[in-house]
Amino acid sequence: MQTTSIKTASGMYINYFFLGMVNIILASNMSSLTKQWNTDPTGISYVIAAIGFGKLLTYGISGVLSDKIGRKPLVVASAGIMAVFLVGIPLSPSYELAFVFALLAGVANSAMDAGTYPALTELFPSASGSANVLVKAFMSVGAALLPLLITFLADHSMFYGFAFYLPAAVYLLNIIYLSTLSFPKKHKKPTNSGQQESPVFLSEPVFQKEGTALIIIGFTSTALFTVSQIWLPSYAQKAAGLAESASVQLLSYYSIGSLASVLLLAVLLNRWVKPVFITLLYPIITLCTLAVMLTVHIPVVLDITAFFLGFSTAGVFQITITLMTELFWKRKGTVTGIVATASSLASILLPIATGLIAKAGGIAHIFIFDFGIAVIGTAAAAFLYYRYKKLTGAQA
């Protein structure tokens with residue numbers, strides 16, 4: 001059984017390894033895409049927003065389908081749809097067609113989330129927090145490797161589209177692999193996030209309280225890493241005068257920080273630290289990091305802050321879903337879809353809002369705006385932490 005669970009999880013983790021690339025692939029190829037579609041960086045940010053719009057349109061139905069027909073069909077379908085996006089973008093002759101492919105990427109992402117997170121919770125009920133956080137680990141590795149692949153293609157004067165075609169090919173192969181695997185049955189009651197005991201609540205969790213706080217955290221956690229992934233290189237160019245090639249490397253430092261964080265969480269969540277504490281600690285770290293980044297514009301400091309931004313935004317969304325499925329376990333797929341809908345709203349609104357701010361000539365103001373989002377996330381996490389302690393009667 002354990003071997004079967006690991007094989008099934010590995011197929012889902014492969015999906016997320018390449019989703020890590022997908023999340024930054026448009027921003028990382030901004031120069032090539034602006035020329036191909038005759039647009040500007042703000043236009044690319046709107047295509048990125050279309051991915052979030054695709055997620056928003058389908059997260060609700062994806063969550064319901066996950067509970068109705070099972071996790072496997074959604075996970076398999078997501079890989080196929082994502083491959084279509086990756087092949088379609090470099091071949092798109094127009095901005096409008098690219099927008100359609102971006103919508104498909106959002107559909108794929110929603111299906112992937114609604115199928116994968118509940119499945120991991122059911123595969124590893126005594127370590128669901130660690131299993132879900134490892135999703136972010138694989139995404140971070142993929143995101144860290146993509147800039148290296150793009151640099152390799154540029155150095156060898158190769159078509160930028162190969163950075164899209166390689167993950168597309170692996171997604172297609174993964175469909176075959178996933179189709180041979182067994183997925184868990186639905187509606188098993190989970191154990192406490194990353195703990196060995198079943199959750200024992202002193203009172204029934206209230207969706208209007210704990211659920212609302214988790215939805216807010218789902219929004220802010222996605223907003224924080226969305227802003228960094230799109231605008232961190234541009235901010236470094238404007239604030240510290242870094243060259244374009246050097247500024248893109250900040251995304252690698254960001255991804256390394258993310259990877260370090262989730263590997264640490266994968267160990268700590270199963271032994272010493274409860275997920276609810278991380279949802280409070282990490283936004284506080286983000287606040288401190290943004291404060292330094294906004295006031296100190298030395299290149300080496302930006303490298304360090306990029307690392308800590310990646311570190312403090314990594315895994316929070318995954319932990320949020322783990323907590324939501326723990327507190328409201330009877331509808332794991334549905335509540336996953338609700339949190340993911342909040343996340344998709346952030347994926348839509350943040351590229352649009354920050355694109356407008358950038359167009360007004362204030363990239364520094366983007367990260368001041370980001371600081372405000374971190375404040376909201378911290379407040380929601382503090383409320384959740386307080387409520388969780390009351391529900392469990394334990395030191396969270």
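Any Cβ shown, glycine's included, is placed from N, Cα and C.
Per Swiss-Prot, transmembrane segment is recorded for 8-28 (among others).
Sequence annotations record features per position, and here Swiss-Prot assigns transmembrane segment to 44-64 (among others) based on sequence analysis.
With a threshold of 8 Å between CB atoms, the same-chain residues lying at least 6 positions outside the transmembrane segment (73-93) that come near it are 11-12, 15, 18-19, 22, 25-26, 33, 36-37, 62, 65-66, 101-102, 104-105, 107-109, 111-112, 114-116, 119, 159-161, 164-165, 167-169, 171-172, 174-175, 178-179, 183. If you look up Swiss-Prot, you'll see 73-93 (among others) marked as transmembrane segment.
The transmembrane segment feature in Swiss-Prot is assigned to 97-117 (among others); the stated evidence is sequence analysis. Below 8 angstroms of C-beta separation, residues 12, 15-16, 19, 22, 26, 33, 37, 46-48, 50-59, 62-63, 65-66, 71-75, 77-82, 84-85, 88-89, 132, 135, 318, 321-322, 325, 332-333, 336-337, 340, 344, 347 of the same chain, each at least six residues beyond the ends of the transmembrane segment (97-117), sit close to that stretch.
For the transmembrane segment (133-153), the residues of the chain that approach it from at least six positions outside its boundaries are 12-14, 16-21, 23-25, 28-29, 116-117, 120, 159-160, 162-163, 166-167, 229, 245, 248-249, 251-252, 254-256, 258-259, 261-263, 265-266, 269, 310, 314-315, 317-319, 322, judged by C-beta separation under 8 angstroms. The transmembrane segment feature in Swiss-Prot is assigned to 133-153 (among others); the stated evidence is sequence analysis.
Sequence annotations record features per position, and here Swiss-Prot assigns transmembrane segment to 158-178 (among others) based on sequence analysis.
Residues or ranges marked as transmembrane segment by Swiss-Prot: 213-233 (among others). Long-range contacts of the transmembrane segment (213-233) within its own chain (CB-CB distance under 8 A, at least 6 residues past either end) are made by residues 23-24, 27, 45, 48, 143, 242, 244, 247-248, 250-251, 254, 279, 283, 286, 306, 309-310, 313-314, 316-317, 320-321, 323-324, 327, 338-340, 342-347, 349-351, 354, 358, 363, 366-367, 369-370, 373-374, 376-377, 380-381, 383-384, 387.
The transmembrane segment annotation in Swiss-Prot covers 250-270 (among others). Long-range contacts of the transmembrane segment (250-270) within its own chain (CB-CB distance under 8 A, at least 6 residues past either end) are made by residues 20, 24, 28, 127, 129-130, 133-134, 136-137, 139-141, 143-144, 147-148, 193-194, 228-229, 232-233, 236, 242, 278, 302-303, 306-315, 319.
For 276-296 (among others), the entry in Swiss-Prot reads transmembrane segment, with the evidence type sequence analysis.
The transmembrane segment annotation in Swiss-Prot covers 304-324 (among others).
Per Swiss-Prot, the feature transmembrane segment maps to 338-358 (among others); the stated evidence is sequence analysis.
Panel annotation: around the transmembrane segment (363-383), residues 209, 213, 216-217, 220-221, 223-224, 227-228, 231, 234-235, 238-239, 279-280, 283-284, 286-287, 290-291, 293-294, 353-354, 357 of the same chain, lying at least six beyond its termini, place a Cβ under 8 Å from a Cβ of the stretch. Annotated transmembrane segment per Swiss-Prot: 363-383 (among others), in sequence order.
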The transmembrane segment (338-358) vs the transmembrane segment (44-64): 3 or more CB pairs under 8 Å:
yes
Intrachain neighbours beyond the transmembrane segment (304-324), with Cβ under 8 angstroms and 6 or more residues off its ends:
113, 117, 121, 128-129, 132-133, 135-136, 140, 193-194, 211, 214, 217-218, 221-222, 224-225, 228, 232, 250-251, 253-262, 265, 269, 275-276, 278-279, 282-283, 285-286, 289-290, 292-293, 335-336, 338-340, 343, 384, 388
What else in the chain is close to the transmembrane segment (8-28), if you only count residues 6 or more beyond its ends and a Cβ gap under 8 Å?
44, 47-48, 75, 78-79, 82, 85-86, 89, 102, 105, 109, 112, 115-116, 119-120, 123-124, 131, 134-136, 138-147, 150, 163-164, 167, 170-171, 174, 177-178, 181-184, 229-230, 233, 248, 251, 255
Chain residues outside the transmembrane segment (158-178) and at least six past its termini with a C-beta under 8 angstroms from it:
11-12, 14-15, 18, 21-22, 25, 28-29, 32, 72, 75-76, 79-80, 82-83, 86-87, 89-91, 142, 146, 149-150, 152
